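Take a look at the structure set out below.
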Amino acid sequence: MAAPPASMSAAPSPLQSAVAPDVPGRQAEQNETACEDRSNAGTLDRLLPPVGTGRSPRKRTTSQCKSEPPLLRTSKRTIYTAGRPPWYNEHGTQSKEAFAIGLGGGSASGKTTVARMIIEALDVPWVVLLSMDSFYKVLTQQQQEQAACNNFNFDHPDAFDFDLIISTLKKLKQGRSVQVPIYDFTTHSRKKDWKTLYGANVIIFEGIMAFADKTLLELLDMKIFVDTDSDIRLVRRLRRDISERGRDIEGVIKQYNKFVKPAFDQYIQPTMRLADIVVPRGSGNTVAIDLIVQHVHSQLEERELSVRAALASAHQCHPLPQTLSVLKSTPQVRGMHTIIRDKETSRDEFIFYSKRLMRLLIEHALSFLPFQDCTVQTPQGQDYVGKCYAGKQITGVSILRAGETMEPALRAVCKDVRIGTILIQTNQLTGEPELHYLRLPKDISDDHVILMDCTVSTGAAAMMAVRVLLDHDVPEDKIFLLSLLMAEMGVHSVAYAFPRVRIITTAVDKRVNDLFRIIPGIGNFGDRYFGTDAVPDGSDDDEAATVG
């Protein structure tokens, strides 16, 4: 019943931050069968278009989550193919918290199954399943000995770490990243490695004591009690504890009669009156589950935000912020800008001079890091008073795909720098940025983070990336946003929402056109750099795939 891993953070599936439990089903079997049929039909060559004499440009990928099914199911897992829309307003703050559903009920009543059915029926991305089983307190040596003999009461409110539960749920509702313990029921202890959860639009919290704490109740937007016959619950508990938790039948029955049943009568069943919805028969009650799903959908519609339009209409005619630093426009810098802005420039020259500018930009950005006095001894035995970096560590985070091109320049000047990536794409139907994927190094909250994107026009993607870093507890004044070219609109948007973020670029252009493209601009940087510049719609910057 432990919650499935979310992070992003973890091993980078292209949509790893979209958390969902394993949902086997008929559709999953059909998808897997179809995949097997295609793989058996022939070699990879049969799946590729014929190669002609001319070079065929690759197509950029954009999100269309409102016109395509947002799910890809296999027999083992559910992957959300739609990105996460903005969860903050144009001020960079979260205007509405994630929707939290509490699932209570007796042990083995089917809470986890009901939760998974709700997730499957919702068909929306970014759902987090949080299990109360992960929050059992760490047992003392004496308590572990009692638990090994089935003499410890795990069905009492005192067995749970409610302080950790409440703080974790609060952070999730605020959109922040959290670390969740993994409880080992075989050894009755927490495992060393905790799992990361992040990016919840909907939180489903389930557990036997889900309604046992007043503060916890106030965090739940919807409370559901799963009511199942006691005999069925006993059979399920026997099967689960014997097969999954290494117990014997005598020990399970002893524990049930001594602790589980009395705890249900004393602590759990009375909380049924606190529930908004009571689901008899658990997962077999499809009518109740459909009603729950309809209500959650209506709540999500009320939480939809439109950020990009608000950015376009704000901050007109304001002076450039003091947090902006533009690389000195020397003849050399202007000469390189002339080359990369020229539409006739070959791809090789575009890459060469872009890399030169990136190197200069990174070197310029490093001068804003904190330094302190230090003394070293020269080979001549003399003291030299100089400077050394006063921070803990430098981490680079690139906004895919164009921002990835700046990573080599950062690695060239920062030894052993850690690198993370964030993928943000535009939904063509809504025009809003959507978070599809992130992979961030562990423990970045004390690092100075260099956030890299080659062009910033409206600032929508940059704002989303900064918001992700803040959700992972990176201080705002330790974030440096680097870009080769920015529009004034993007500079104002980021600076207004995050006034302590340092913005560093090689040039700032005045205008953004009606299609939110920088004028005069540089063209679509990613297409020109990666050789995918023949785009039918005539896009002239990376916004067609990634919101700048």
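Glycine is treated like the rest: Cβ placed from N, Cα and C.
Taken straight from Swiss-Prot:
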BINDING   G105, G106, S107, A108, S109, G110, K111, T112  ATP binding site
COMPBIAS  1-18  compositional bias 'Low complexity'
MOD_RES   S56  phosphoserine
MOD_RES   S63  phosphoserine
MOD_RES   S539  phosphoserine
REGION    1-74  region 'Disordered'
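Between the binding-site residues G105, G106, G110, the minimum number of other C-beta atoms within 10 Å of a residue's C-beta occurs at G110. Across the binding-site residues listed here (S107, S109, T112), the residue whose Cβ sits among the most other Cβ atoms within 10 Å is S109. DSSP classifies S109 (ATP binding site) as coil under the three-state reduction.
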